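Peer 1: Below are the features I grabbed from TrEMBL:
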- 185-220: region 'Disordered' (REGION)
- 236-262: region 'Disordered' (REGION)
- 383-466: domain 'DM2' (DOMAIN)
- 490-563: domain 'SUI1' (DOMAIN)
Amino acid sequence: MFLKPFRIKTKTSVKSSDRKKLRSDIQQSFASLTEEDVLKLLPQKEEMTLVKINTHADENIVVYTVGKNPLFFENFKILYPTVYTLWQFPEILQAFRTWPPVYEKLQKGADLMLPGVVPDNEPSSKMFGKLQKGDLVSIKIAGNKSPVAIGKALLSGEDMYMSAMRGKGVSVLHIVGDTLWEMGDKSRPPMIPETLPNSYCEEEVENTKTTEETDQSENTIDNAISDLKMEETEASGACSCGETSQNDVLDESDEKERNPTEQMDDLLNFCFACALKSKIKKNDLPLLTGNLLRNYMQPFSGGKQLDLKKSSFKKLSKFLQSKVNDGYIVVKEQSKGVDVITEIDKTHPGVRDIQVPDIVEAAEAISEETNEDGSYQPLTFTDVYLVNAATLDLFKESGICKGDALQISDVRQHVINYIKTNNLQKEDNPKLVTLDPILAHIILKPVEGDLDEMNWEQVINRVVGKMQAGVAISSGSRPPTIKKTKIEPIKLEVVMRASQKKVTIVDNLEEYGLDLRVFSKLVQKSVACSCTIVTPEQKNKGPQVHVQGNQVNFVYNLLTEKYKIPKRYVTGLENAPKQKKR
C-alpha cells in the first residue's frame, strides 16, 4: 500500500474532541489496550496531526501522527496501527514469525507465503485457531518480538491448517522501510528477544540477537536486515538458507498442483479487480464490454494471455454476469448485441483490498503501438467465420469449439479433412461428395431433402454460408479482437462551441480495439493541440475523442494510412476544411 511515494493533500491539528473520539475508536478496535495504554500512545499535551494522503494506487487515506511518528492510519473507516505503535504494544495483533530472507521479499511487495512462516511447537490448528480471514495480523522476524509489518490474513486459521500451510497467508499492507515508515523518525524495531521453537537451531537465535544488539544505533532497518542475512549465511546458512529454498519449492509445487482452469479463473478475477481499482475511471463509462478484457484487464496479467476458453466461465458474458451477481458492476444492453458497463463499485471488498501491480501507463503504451523505427503498427482486418450451433457437429471432431473464429482457408481445409476422413468422396466421380447425416443436416435446404450428393465447391460454400461472418481486428503481437456483428464506422464530426471554436469529434474508436488514451496522446503530440476523452451525456453513446480545431484530414489520414483501417470504416471526410482556390 505504501511501497511507492504518496502525495500529502492536507495537514491539520487534531482537536481535543476529535482526539477523545479517536481514543474511543482505538479501544473498540483493539480490546487489549487499556485507557492508560491509549493515553500513552496519544498524550494529552503532545501535538497530534491528521494528515490526508493520496497513495500511488489513488487511495485516500487518513494518517494520525503524534510528534513526528505516524501511529495509526484509517482506510474505509478501519483503523490500522503502524509499526511505530506495534513496537510499543507488540501483542495487540496475532503475530506471524518469519526469517530475514523472507522479510526482504516482503519489502519488495510480496505477500507472506505460509511455507515461509516459522511455526511454534504447537500445531498450526492451535497457533491460529481463532484467526478469521481478513483479520489484522503482524509479522515479526524470528528472534525478535517487535513486528516489522502488518497485514490482513488471507485465510482463516482453520483453512491454514487444512491447506497444510501452503499458499498465501498474509497480504502485507505496511512494512518497515516503506514510505509510511519514512514519514516518521525512521527508527528501527527495538530488540525484544524471544525463544524460537525447539526444532530450530539455537545458533541462529544467538546470531539474530547479536546482530540486533550490535547494530542498534547504526543503520536503517534495510541495512540491519541485510547485515543479519550475511551473518546468518556465514554462521548458520544450512539452517536458514535451506528453509528458504524449501519454501520456494513448496510455493512452486503448490502452484503446479492447481489445475489450469483454476489458475486462469484466479488470474481473470485478479486482473478484473485491478482494472476496476486503478484503470477504469468514471469518464470511461459507459464502457463496451468487448474492450474490457484487452484494454483494461490484460495489462495486469504479468505477461500471461487472458483466455476465457481456458477458464470455467468459457464466455465473457458468463464472466461478467458473475461479477454483476457479486455486486462489482452494472451491465446494460446499449443496443442489440452490444452490452456496456454503466456502473462500477470501487468500494467492494474484492476491489478495495487488492494490491495493484505496476503496469505500463498510456505514455509508455505509445511505444508499444509503434515499431522500433517510430512507425505505427497498423491494424489488420481479417474476414473470419465463427463456428455456431448449426455447424458445430462438423468441426468438433477437430477440437474446435462453438464461437471459434476461422479464416476461409481454414474452413475449406477442415471440410476437406472431414470428407476424406469419413470416405465421403465418390469413387466413380471424385468431383462429387456423398452427404452423410451431418453434412446433409447442415447444408441441405428443406426442398432438397432427398439429395444425397453434391460437388466439392457447393459443399464448402454452403458450410461457409451457414457460419456466422465476423471480422478479426489485430495489432502487432496482441491477440485479435473478434467482431461478430456488423461494425459501425468511425465517425468524424466537426461542431462549433459557444466560444466560436471548432472541435473535431472522433466517435466509435473503441469498437476497433484502439486505446483512446494512446490515440489522443498521439494526436495531441502530432498536431500540438488540445485532445481529450469525453463521455457524452446521451444514452447508448460510448467515449469520444475531442480534438481542438478542424483536424478531420489529419485524423482520417492517421486512421487509414498509419493504422491501416479500411476507408469504408471511416466516415466524415466531407467535414474536412475546404481547400482554398488559388
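Along the chain as shown, residues are numbered 1 onward.
A Cβ is built for glycine as well, from the same backbone N, Cα and C atoms used for every other residue.
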Peer 1: So, by DSSP, how many helix, strand and coil residues make up the domain 'SUI1' (490-563)?
Peer 2: 26 helix, 23 strand, 25 coil
Peer 1: Suppose you look only at the domain 'SUI1' (490-563); what would the mean pLDDT be?
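Peer 2: Reported value for the domain 'SUI1' (490-563) is a mean pLDDT of 83.
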Peer 1: DSSP-wise, what's the residue breakdown of the domain 'DM2' (383-466) into helix, strand and coil?
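Peer 2: The domain 'DM2' (383-466) comes out at 42 helix, 13 strand, 29 coil.
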